[in-house]
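Here the structure comes first, spelled out in structure tokens, and everything after it is commentary.
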Amino acid sequence: MSFSPGIGYSQLIATSTLLTYYCAVMAIIVFYLFASFSSTLPWSYCKPEWELCVDSSNYDVHVNRTGLLSSSELYYLKEVFHEVETIDHGIGIPDWKLAGCLLLSWITLFFLVIDGVKSTGRASYFLAIFPYVVLLCLMIRGCTLPGAVNGIIVFFKPVWSELLNPKVWYAAVTQACFSLSTSFGSLITYSSYNDFRHNIYRDALIVAALDTFTSVMAGITLFSILGNLAYEVNATNIEDVTKGGMGLAFISYPEATAKFDILPQFFAVMFFFMLFVLGAGSAVSSLNLVVKMVLDLFPNVKSWKVALVTSCIFFLIGLVYVTPGGQFIISLVDYYAGSFNILVIACVEIMAIGWIYGVKNVCKNIEFMLKRKVGIYWKVCWGFFAPVIMIVILLYTLATAEVLKYHDYEYPLSATISGWIMLVLGVMQIPFWGLYQIYKKEGSIWSRIKILTKPSASWGPLEPAIRKEWEDAMSAELELNRL
């Protein structure tokens, strides 16, 4: 449909923005990875200059240590980020160690996409398989620790009352989009390299099933180790030893490894290397999308040149996130340019496909490609449940939006305005390019809209033989409808 090029531009902006801070998280992982090779894990003990600190290796929640912080938390705040309490007076300058880790992350990504999908395809075997090997080893280790069962029980124990909380559904939808990479455009980019009759139905089921399996496997691994941590510090609730957000990976897990009696460095190295590989795998798909979209606009430019320039620009932007106030910026960008933006794109995409292009046309396309009928379940989901549920969640999120906070700190007005500018810049691509397409056409407004909401003349299979088959099938259907 010529009416919707703005979706692609919106995806480009959203993916580019998220990619810049995603690599900043990878830089933190690299920092911890190098630190894990120390003879003594640096977050397991307090440094002399850290006041109100207690060693993570000796931490006990039942001992009266009001106002004290564990060494793993102070290591994250003071040694890694040198985090400030507010950004009212600026975010500071980039930390040279984190900047070096960020540079290493971008160099890795550049070489993974230097030859486009060829280099990515070669690396995908390692990027996809290695994390499962490490995750399996960590899960076995975690499940054999004292107290692991209690953590696993907490992981699987449902809180039924939360099903009535719309914020939980918003979090679930956005997490599903991030986890499955839907609405980012990377799946469409990769699938464009498939054969026309490739079994996408099978692939979709496999990807969704593996994603769920991986999430459960990772949950068991983390919560078994958190259960052991709660056991070691005599905590009655897992929540007492759990940090939210990135603190789960960079505070809670390191704190748990600090208490390991056997090879704590080995398990720390394996954990953070696994996170880096997972991060690289996700970031590569996003970077490939950006490179592919730029090449579509400038087809005569070499792929490696686009990858190099993109990596350099995004590295420079990413320096913002490795400043003392970087965590505040990451939270701001994630909320406005990430979760919310992707939710809007997902709503527009599913409405464009299900309502404008039409479920009937989608089903005909799939039946022609796969030579199989589409079940009623998918038709109802695409035409009703999915778009309606997504729209309701989006409207509720808009109606109940609150002032963004980082911990207990309320962002200044300038930061909030910056966040809304990022959001509007991404979302407004959709109506802007739609209106631009209407402006270029001739005729009445309604006739222009009707033309732009129909498939273009070039729509259909690219290969001549399959296209001929497609045109014959469409002609036969048209003749049948006339009878």
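Glycine too: its Cβ is placed from the backbone N, Cα and C atoms.
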From S179, S183, S191, the one annotated by TrEMBL with L278, S282 for Na(+): S179
Contact yes or no, the transmembrane segment (126-156) and the transmembrane segment (380-399), 3+ Cβ pairs under 8 Å, gap 6+: no
Same-chain residue ranges lying at least 6 outside the transmembrane segment (96-114) that approach it to Cβ under 8 Å: 23-24, 26-28, 30-31, 34, 80-81, 120, 123, 279-280, 283-284, 287-288, 291, 303-304, 307-308, 311-312, 314-315, 318-319, 321-322, 326
Contact call for the transmembrane segment (419-439) against the transmembrane segment (12-35), three or more Cβ pairs under 8 Å: yes
Neighbouring C-beta atoms (10 Å sphere around the C-beta of L278 (Na(+) binding site)): 20
Structural state of S282 (Na(+) binding site), classified by DSSP into three states: helix
